[in-house]
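Quick notes on the structure that follows.
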């Protein structure tokens, strides 16, 4: 009898425990039901929503425009950070840009949801609070608002004339950026502006990227399910040849951060017949893109950008949005956290302690330097390991190389002080 009573008690405890676990699981999914909808957010509604978030969370959210589309629509950005109107020294800046192709709509809606999720969960979820406290996050739901308003929900492929995919001037914005192998770069030597002849949206993005020290970036697309990393273009023009950047191993890691946390992407076979081992690919190996934004970020700024293709259908029905959020939620957050790997610090003048702007931080063996901000800050994403690093700046003596060990998941602080060069008349 005693044994039966014990067995019954144990069974009741197990049932209660299972119920509690299931309840917690359901509650964790229900946390975001207020803003995970089954309809897409069009331009006018998007403006109203972002402004309402700014008003509701004045210390965490700021909304601004980096420019206007051909038809005059704002390229809206939601910035999220603790004490959002004054970035803390050493806090890295990360951006997500979606809907560059107007008919690729999933990423657009995911950023609308992500912004609300981060703001709603701040102060309630330790992970979200830590991320927002330590990171300056920028979300641009639509880089091509004109194209989106000219696209059709439920249409999985681009229109035959590519309207919707392209901007209002019928230009593919992901072919409109300067490219490291682009012949147009020779025009710079002739004094022709690098902005000449480019679309409004492209000029706005180039200016924003150049003016802000972004560390990490994600570009959200559709039409496949894969994480594609630089380079997108290369010297060979034939198919299926990798075009590796100096940071190839780092880019592979970043691509896997997203793919490994996305149940469909990591399988690599979400959109038959295409197969992507591990859910990642080198851009040029997949197909060459000349004038893409991904390569521009890496070649022309401090930002490391990956392209995330999120759905086989470019503009699936709104009813699929909740499932897409569940598929991408962990990946989106995990990728933002990667702004905190590698090394970071400040480069200062040894004589007066003032910061040195546009100093170069050099990692020996990797032919890609990062430059310092007006406050002397730098961030250099690196994988765990030991590196030889030094700093240089015009008019200063280079620092001595320093061996620094990078640990997993946490940044190593490495500051530099540089001495002024002393020039003698006989040097001229």
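Placed from the backbone N, Cα and C atoms, the Cβ positions cover glycine too.
Positions annotated as active site, proton donor/acceptor by TrEMBL: 309. The C-beta environment of residue 309 (active site, proton donor/acceptor), restricted to residues of the same chain at least 6 apart in sequence and closer than 8 Å, consists of 221, 222, 223, 224, 225, 226, 227, 228. Look at residue 309 (active site, proton donor/acceptor): DSSP puts it in a strand.
Taken from TrEMBL, the feature domain 'Peptidase M14' covers 39-339. When pLDDT is averaged over the domain 'Peptidase M14' (39-339), the result is 94.
Annotation source TrEMBL lists signal peptide at 1-23.
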